[in-house]
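Engineer: I'd like to ask some things about the structure below.
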Amino acid sequence: MTGTTLAATYGPISGADLEAELAQPRIADGDAQDAAVYERDGGARALPFASGGAPPDGDRADVRRAAGAGDASVRLTRVSKRYGERAVLADVDLSIGRGSFVSIVGRSGCGKSTLLRLVAELETPSAGTLVKRGDGGGALDTRIMYQEARLLPWKTVLQNVMLGLGRRAKDDARAVLDEVGLLARANDWPAQLSGGQRQRVALARALVHRPQLLLLDEPLGALDALTRIEMHALIERLWREHRFTALLVTHDVQEAVALADRVLLIEAGRIAFDQRVPLDRPRARASAAFAALEDRVLQRVLTGSDAAPAAPNAAGPEGASRGRAAPASGLRWAV
């Protein structure tokens, strides 16, 4: 993992780790020991907090981001990944526009999370090239969130967000907790929070670094339906305000269509389907256009062929094939 990548997660923290940490004498900067644990277990180096700037102007900014504004943040060229004799990804070509929101769907084991880990530089390609360009052509500061928040249980909510930043970052941490609606819980312990609240803290911990690329590996998979919808709205609002590039891996087709400018399907280690989502934000999930687009993506996942003509205002990219589709009848999951 490079110095510009933050896995917004902790590796397994055993009881021995906890006992050893509690037995350590407190030092001038009490966070230093925990930052070392964080780095050891797949954490990251802290970067200075930078102002997110003014939010973009409404839907016009979303259109520019969906098109990538001609500026790729991430580009993969003929990327393959093998584990021994098993090929997981094969000759993947992908360009992700700066400031866009891309979702990846597919059946279990198709290579979705492997692709995300390659982009995060937690894995290296077996073949091909991966190029990440930050603002001005520099390094692309990246954060990644997983399904488990993995907060340090002996740290308060505020201290978890501040981890690795030092005590002077307290104001920044409080500001981002306010953004995710948890400032009032800043001094609570992680055990006092619900699952959705813990994921909000994990999101705050990633956003306090003001990343240019946020990778989301099924971060909402363990939450109930209503909490997921609330988190969708929160992630979308923060994405529009902070203008980072987002790449989401999910089994939930409705979630993919609700959040993304573009939905990719991975089959047999390749990108088999690339569907633009030209729907206005916030997405009206009860609309015919949304339902038809969700159905089209789901049918493509389930049947391996592009289903019926897309709904009005939900056309796919040029060259996408079209056919008939049966209603998805409430099916949302591509497992």
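Just so you know, the numbers here start at 1 and follow the chain as drawn.
Backbone N, Cα and C define each Cβ position, glycine as well.
Per Swiss-Prot, ATP binding site is recorded for Gly106, Arg107, Ser108, Gly109, Cys110, Gly111, Lys112, Ser113, and the stated evidence type is sequence analysis. Per Swiss-Prot, domain 'ABC transporter' is recorded for 74-293, and the stated evidence type is sequence analysis. Residues annotated as region 'Disordered' in Swiss-Prot: 308-335.
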Engineer: Just name the most isolated of the binding-site residues Gly106, Gly109, Gly111, going by other Cβ atoms within 10 Å of its Cβ.
Structural biologist: Gly109
Engineer: Taking the Cβ of Cys110 (ATP binding site) as reference, which residues of that chain separated by at least 6 in sequence fall under 8 Å from it?
Structural biologist: Ile266, Glu267, Ala268, Gly269
Engineer: At 10 angstroms around each C-beta, which of the binding-site residues Ser108, Ser113 has the fewest other C-beta atoms nearby?
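Structural biologist: Counting other Cβ atoms within 10 Å of each of the binding-site residues Ser108, Ser113 gives the minimum at Ser108.
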Engineer: Can you tell which of Arg107, Lys112 has the most other C-beta atoms within 10 Å, given these are the binding-site residues?
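Structural biologist: Most Cβ neighbours within 10 Å: Lys112.
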Engineer: Name the secondary structure element type, per DSSP in three states, that contains Ser108 (ATP binding site).
Structural biologist: coil
Engineer: Could you give the mean pLDDT over the domain 'ABC transporter' (74-293), rounded to a whole number?
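Structural biologist: On average, pLDDT over the domain 'ABC transporter' (74-293) sits at 93.
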Engineer: Around the ATP site recorded as Gly106, Arg107, Ser108, Gly109, Cys110, Gly111, Lys112, Ser113, what other same-chain residues have a C-beta within 8 angstroms of the site's C-beta center?
Structural biologist: Thr114, Ile266
